[in-house]
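TrEMBL annotations:
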type: TRANSMEM; residues: A:74-92; note: transmembrane segment
type: TRANSMEM; residues: A:104-123; note: transmembrane segment
type: DOMAIN; residues: A:124-407; note: domain 'NADH:quinone oxidoreductase/Mrp antiporter transmembrane'
type: TRANSMEM; residues: A:129-146; note: transmembrane segment
type: TRANSMEM; residues: A:158-177; note: transmembrane segment
type: TRANSMEM; residues: A:202-223; note: transmembrane segment
type: TRANSMEM; residues: A:235-256; note: transmembrane segment
type: TRANSMEM; residues: A:268-287; note: transmembrane segment
type: TRANSMEM; residues: A:294-311; note: transmembrane segment
type: TRANSMEM; residues: A:323-342; note: transmembrane segment
type: TRANSMEM; residues: A:363-380; note: transmembrane segment
type: TRANSMEM; residues: A:400-420; note: transmembrane segment
type: TRANSMEM; residues: A:441-459; note: transmembrane segment
Amino acid sequence: MLTVLLILIPFIAGLIAFGLKGSGPKKLAMVASLATVATAIGAWCRLGTAPADLSFAANWIPQLGSQFKVGLDGMGMMLCLLTAIAFLLVFININNREYESSSSFYGLMLLSQAGLTGVFTAFDALQFYIFWELALIPVYFLCSLWGGEKRIAVTFKFFVYTFLGSLLMLVGIIYLYSQTPDHSFSWESFTTLHLGADQQNWLFWLFFVAFAIKMPIFPFHTWQPDTYEQSPTPVTMILSGVMVKMGLFGLIRWLLPVLPEGASMWTDVAIVLSIIGIIYASCIAMVQSDLKRLIAYSSIAHIGLMSAAIFSKTEQGMQGALLQMFNHGINIIGLWIIVEIIQQRLKVKNMDDLGGIAQKAPRMAIFLVIISLANIGLPLTNGFVGEFLMFSGLFHYNHWFMAIAGLGIILAAVYTLNMIQKVIFGNTNALTETTTDLQPGETLALSVVVAIILILGVYPKPILDLVSSTTAAVLKF
Amino acid sequence: MNALISTALSGVVLMFVGLFARNKQTIKFFAIAAIIIAFIANLVQYPSVELGSYIMFGMIEVSKFSVIFNAVALGATLLYFLLSGSDFEKVGEHVGDYFALIFFILAGISLAATFNNLLMLFLAIEIMSIPQYILAGSDKKNQKSNEAALKYFLMGCFSTGVLLMGITLIYGSAGTFEISALGLGADNVSPLALCGIILVAFALSFKVSAAPFHFWTPDVYDGSPTVFTSFMATVVKAGGFIAFVRLFHVGFSGGTISQHWMLILSIITALTLVLGNFTAVFQQSVKRMLAYSSIAQAGFMLFAVIAMNQTAAQGIILYAAAYSVATIGVFAVLMRMHDYTFEGFNGLAKKEPLLAFAVTVFLFSLAGIPVTAGFFAKYFVLAAAIQQGHLLWLVILAVLCAAISVYYYFKVIIAMYFKQGSPVLEPVSSGFKAGLILTVIIVLALGIFPHVLIGCL
């Protein structure tokens with residue numbers, strides 16, 4: 001039942017938030033996200049002792065054999081935890097901001113949390129599809145209502161792209177369903193289907209395109225930089241920290257176990273696309289002067305590496321990718337928090353207008369340096385462990401792929417250090433003179449991020465242990 | 001059967017009520033009472049057909065399928081009366097006649113859902129069509145309404161002629177009018193019968209506005225009084241589809257016969273999807289956009305005709321319900337607006353949040369987004385086509401078209417929520433709002449528990 005609670009708490013809180021006034025929604029969101037984190041940690045403890053308690057199934061549409069079936073395995077638990085922590089961080093960080101019609105803002109945020117948790121816990125394909133869509137709709141409204149100048153066109157493109165991808169996935173799901181002997185959507189029946197290679201061959205693309213758009217992987221990524229740039233930063237945090245993980249999650253939970261032969265047939269293509277994405281996005285990130293776009297492109301590069309590692313189908317690669325899914329979520333939210341603070345104080349996001357912030361806001365500068373270094377995977381930070389494992393997995397699959405993907409690390413160092421230098425070092429200008437240092441809420445949020453970075457950088461075992469069951473299960477298919 | 005009798009009687013009664021009642025509210029009250037009676041009378045028949053259908057005099061077949069479809073048609077009409085019933089008096093003086101004509105159309109629809117004989121099919125189509133010609137031209141002083149009526153009448157008569165010719169050819173080859181006894185699927189199919197089937201398919205495609213027989217649709221839907229467009233584009237179109245599905249599933253299936261018409265109907269479906277969706281994108285007026293969207297949705301409903309399995313039968317019922325209810329809801333709000341263009345909706349969410357929310361739910365349903373009825377409607381017709389096996393190319397095309405449809409449906413949502421403006425609209429009564437809330441609940445309920453409806457089949 002804890003799993004159902006993970007979905008229900010934000011869902012109900014979200015519905016209530018629409019009806020509240022003043023600072024009510026803000027407080028409710030904080031309480032609800034704290035409760036979700038507590039529930040998630042409770043579920044984590046239960047996972048070790050009594051994992052059966054965490055699954056729940058109820059008949060939903062008996063004629064179709066579709067169930068409302070939720071459960072948690074290692075990966076699902078890790079992503080639910082990430083979702084819960086991410087929303088808590090976002091709410092802490094924006095605690096002293098005022099949003100226009102805040103009841104709708106917090107209501108939609110909480111609903112998107114419910115949708116995301118639903119995706120990560122679904123063990124029924126139809127239910128998975130429905131949550132997959134439901135997570136998107138609140139985000140669409142959030143971006144379109146509170147975003148930047150070009151928000152309407154940009155978020156619309158985002159919506160149509162992902163909607164098209166998910167419809168293709170729906171076709172795939174219906175096809176698989178029609179092939180199941182017991183007419184069921186459950187994960188178990190899908191994974192025991194063992195379709196012929198010729199069918200898996202084309203079914204692969206129906207699923208892969210949906211997931212590739214969501215991640216995003218080159219050449220399906222064109223919605224992403226614009227959307228990250230135009231969305232309100234709290235939503236960008238959710239988009240990049242949690243929502244893109246839906247695509248990676250889909251690969252591991254559905255694509256690889258259900259269509260193993262299809263996946264192995266197209267492995268090279270998928271990895272090459274991912275690696276093109278890494279190099280291409282890193283090169284573009286180097287010439288960006290817009291902070292938000294720079295982080296958006298760096299995110300494409302990171303996701304590309306994770307997807308390549310997952311397709312390598314080695315234990316190390318898979319473990320690394322799963323660990324990195326968590327770490328990337330935490331790190332990128334940290335980066336966005338700082339961008340949001342800069343944007344809030346100085347109203348600019350172009351790096352050429354910034355400089356010398358270290359002199360005026362030393363605490364923020366320290367946080368930015370630590371998080372950026374974690375983002376490029378320096379040893380002792382959480383990013384290092386994941387990247388090391390992923391590269392080693394990719395190396396086992398093919399040296400050349402690893403060698404080219406490895407260039408991504410060097411490029412990442414180039415654009416990240418360049419960003420640090422332009423934003424916080426150098427001399428102050430008329431604008432950055434006015435910077436003030438962090439407020440308590442912001443400090444708290446960033447301290448949590450940095451604490452996770454350092455702890456997991458030295459001792460990643462808890463997360464690795466958590467996800468190892470998923471890795472073992474997926475590699476068997 | 002009960003639905004047929006009660007709607008036909010109600011039509012006659014309402015003509016007299018229109019004659020004697022002074023107050024237009026009274027007429028509306030009678031109409032709503034009559035539709036509720038017809039709805040209940042129809043449902044009462046359900047237990048008698050639950051285990052099997054029965055045929056009366058070789059002419060009509062009462063089955064679960066027809067009873068459920070009649071329930072959908074009558075229920076949608078009830079919602080339509082509740083939401084738009086008071087708009088009838090804006091069209092002209094003869095409110096009683098308008099209601100009576102609607103009931104005659106319903107009689108035609110319930111005949112279309114039950115016919116077992118090609119003559120009955122012809123009668124059903126005619127009973128559905130003739131009142132529509134009148135309703136299209138009911139705004140007598142308006143040139144566009146006159147144009148719509150004339151266009152519809154001429155084109156409609158032409159297609160009726162084609163239908164009759166097709167029926168004659170089929171009779172000539174099969175020697176019977178009874179659709180379950182046509183026996184066309186025997187080893188060699190006569191060219192006569194094939195010509196007949198193709199002519200009938202074309203005539204019915206015309207009635208349900210499938211491309212390339214759709215050219216009348218935008219002008220007729222745009223020119224007719226909006227309140228009647230709402231009915232013609234929804235319940236009546238669903239009625240046309242039910243005739244289509246019944247005829248092809250019962251009459252033209254079996255043996256090898258379906259191989260002969262499958263390709264033609266697949267092409268019609270593909271054309272309908274592509275033309276409907278692409279043209280809807282370029283519309284400036286919401287009313288015209290809805291006209292093209294009705295063509296696009298017809299493309300999805302055609303899947304039910306060509307898939308020919310139990311899922312398809314469930315799909316057409318669910319699709320008819322989802323599409324009718326959502327479109328009736330959008331039209332009901334549209335009628336409150338003074339400006340029918342997309343710009344006219346700018347800023348509606350600030351002024352009338354409930355109306356904007358309801359329209360959003362309806363448009364989500366039309367676009368096929370989960371937890372609305374439209375999602376499962378699309379799910380079932382696509383699943384039917386996938387199960388059929390040879391239609392995967394069409395399914396992929398349909399999915400691409402569904403993504404395009406998001407473009408024009410969301411244009412309204414974008415206007416309502418994300419654009420600034422002060423829309424001019426007529427005062428909205430609390431009764432109307434209650435009706436809208438009811439409609440929203442139905443759309444969401446069918447989206448979460450579709451088996452309430454299809455489980456009865």
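Placed from the backbone N, Cα and C atoms, the Cβ positions cover glycine too.
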Problem - Annotated stretches the transmembrane segment (A:104-123) and the transmembrane segment (A:235-256) touching (3 or more Cβ pairs under 8 Å) - result: yes
Listed stretches A:129-146, A:363-380, A:441-459 vs the transmembrane segment (A:323-342), most Cβ pairs under 8 Å: range A:441-459
**Proximity verdict for the transmembrane segment (A:202-223) and the transmembrane segment (A:129-146), three or more C-beta pairs under 8 Å** = no
Top stretch by Cβ pairs under 8 Å to the transmembrane segment (A:235-256) (candidates A:294-311, A:363-380, A:441-459) is A:294-311
Lying 6 or more residues past either end of the transmembrane segment (A:294-311) yet within Cβ distance under 8 Å of it, the residues of that chain are 212, 215-218, 221, 224-225, 228-229, 240, 244, 247-248, 251-252, 256, 263, 267, 270-271, 274-278, 281-282, 284-285, 288, 317-318, 320-321, 324-325, 328, 332, 335-336, 339, 351, 375, 387, 389-391, 393-394, 401, 405, 408, 411-412, 415-416, 419
